[in-house]
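As given in TrEMBL:
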type: DOMAIN; residues: 11-272; note: domain 'Homogentisate 1,2-dioxygenase N-terminal'
type: DOMAIN; residues: 274-427; note: domain 'Homogentisate 1,2-dioxygenase C-terminal'
type: ACT_SITE; residues: HIS285; note: active site, proton acceptor
type: BINDING; residues: HIS328, GLU334, HIS364; note: Fe cation binding site
type: BINDING; residues: TYR343, HIS364; note: homogentisate binding site
Amino acid sequence: KMYFTSVCFLQYMSGFGNEFSSEDPRCPGSLPEGQNNPQVCPYGLYAEQLSGSAFTCPRPTNKRSWLYRILPSVKHKPFIAMSCGDVTENWNEVEPDPNQVNFSHSCGLHTVCGAGDAKSRNGIGIHIYTCNSSMVDRCFNNSDGDFLIVPQQGEILITTEFGKMMVEPNEICVIQQGMRFSVEVFGETRGYILEVYGAHFELPDLGPIGANGLANPRDFLCPVAWYEDRTVSTGYTVINKYQGKLFACQQDFSPFNVVAWHGNYTPYKYSLDNFMVINCVAFDHADPSIFTVLTAKSTKPGVAIADFVIFPPRWGVADHTFRPPYYHRNCMSEFMGLIKGHYEAKEEGFQPGGASLHSIMTPHGPDTGCFEKNTAAALQPERVADGTMAFMFESSFSMAVTKWGLQTCQRLDKNYYQCWETLRKHFNPKW
């Protein structure tokens with residue numbers, strides 16, 4: 001697949017978890033034939049394997065790619081600790097708070113909430129980013145886990161060791177553990193990041209839905225090989241997130257020097273417009289798991305470390321039914337974000353770029369206006385959420401909010417609970 005943007009002409013390969021192969025057309029024949037690690041690689045390249053799983057994982061879960069590069073990534077100066085800013089894995093900065101939490105947008109890269117531990121490879125972190133300048137002669141590498149990036153405002157051009165991806169609002173991308181990347185922006189840019197330790201994202205099982213539906217594999221796009229052979233006399237900075245801390249090292253060349261590669265461990269992007277929506281056509285409100293795009297599974301069957309769920313435009317046709325999301329107490333944590341429009345269960349007070357966290361077993365549901373409107377509505381077939389895209393990071397972890405999220409950001413809506421305060425009693429024992 002090929003896409004033309006105002007920035008550059010980009011090509012992609014289609015599929016999810018496929019065995020891909022790609023070489024920069026400037027160096028035809030740069031992929032070795034018949035083996036991974038020849039004595040001498042074509043064009044004098046170095047062979048380097050990037051493993052995303054243990055060598056002995058079963059074939060369906062075994063992830064690795066071979067990169068053929070001008071210089072190997074091992075050529076760099078020592079890593080030195082650097083300031084982490086508001087990026088943290090300290091979930092004990094403040095006392096636990098089970099209340100419903102609502103944030104408006106803010107500036108920088110900030111950890112909002114999370115749980116678990118990168119050292120034990122089990123947990124998640126949720127971050128919000130804003131920026132208006134590109135990464136110049138620097139890249140980022142996450143040794144702790146995978147990044148699922150959800151742009152909310154402004155397109156981002158991501159250069160990786162595998163090639164380039166343009167990711168726009170209403171699209172997502174996944175940069176898997178250990179992959180170096182740099183981001184170019186074109187103005188004010190904002191979005192969300194879900195970080196998962198110790199697991200990779202998969203397509204959810206479809207069960208009785210059948211062979212097709214939800215996010216189809218063919219709609220995921222992987223970049224094609226692109227390289228730059230560039231010496232940086234002033235130094236190129238590689239930032240490494242390792243055990244929840246940030247470190248930096250220097251080298252004198254661009255890390256995006258991969259001329260060819262093959263394998264099934266790659267970055268990828270996906271347009272949320274391509275999601276094939278499943279919904280109720282008779283009665284009752286189906287559980288939101290039918291809107292799952294990607295899942296990072298735990299070791300317990302049916303329980304996710306994290307699910308990425310969307311609430312896309314669709315038809316609502318259920319009879320005798322309260323059609324918005326129901327009132328709920330959940331054994332999972334629910335972090336909600338809004339890319340555009342208005343969330344159907346809270347049309348006021350939940351802004352694009354903002355977020356809410358409903359912690360484990362904390363009650364949540366439609367506000368007063370939504371309830372009153374939809375209990376009195378004439379139930380005709382209607383479009384739901386047109387012009388809107390809300391999403392949820394749902395996790396089996398009991399997430400803690402950081403000190404930045406609760407205090408420092410000064411974006412916490414302390415009156416959030418009031419959207420339910422005006423719910424009134426309708427009980428009539430003589431009904």
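Note that the numbers count up from 1, one per residue, in the order the chain is shown.
Glycine too: its Cβ is placed from the backbone N, Cα and C atoms.
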Nearest-integer angstrom distance between the alpha carbons (Cα) of HIS328 (Fe cation binding site) and TYR343 (homogentisate binding site): 17
Per-residue pLDDT averaged over the domain 'Homogentisate 1,2-dioxygenase C-terminal' (274-427), given as an integer: 92
Other residues, Cβ within 8 Å of HIS328, GLU334, HIS364 Cβ centroid (Fe cation site): PRO325, ARG329, ASN330, HIS358, THR362, PRO363, GLY365
Around the Cβ of HIS328 (Fe cation binding site), the count of other Cβ atoms that are within 10 Å: 15
Residue among the recorded positions HIS285, HIS364 whose Cβ has the most other Cβ atoms within 10 Å: HIS364
Chain-internal residues, separated by at least six, CB under 8 A from GLU334 (Fe cation binding site): LEU357, HIS358, HIS364, MET392, PHE393, GLU394
Nearest-integer angstrom distance between the alpha carbons (Cα) of TYR343 (homogentisate binding site) and HIS285 (active site, proton acceptor): 16
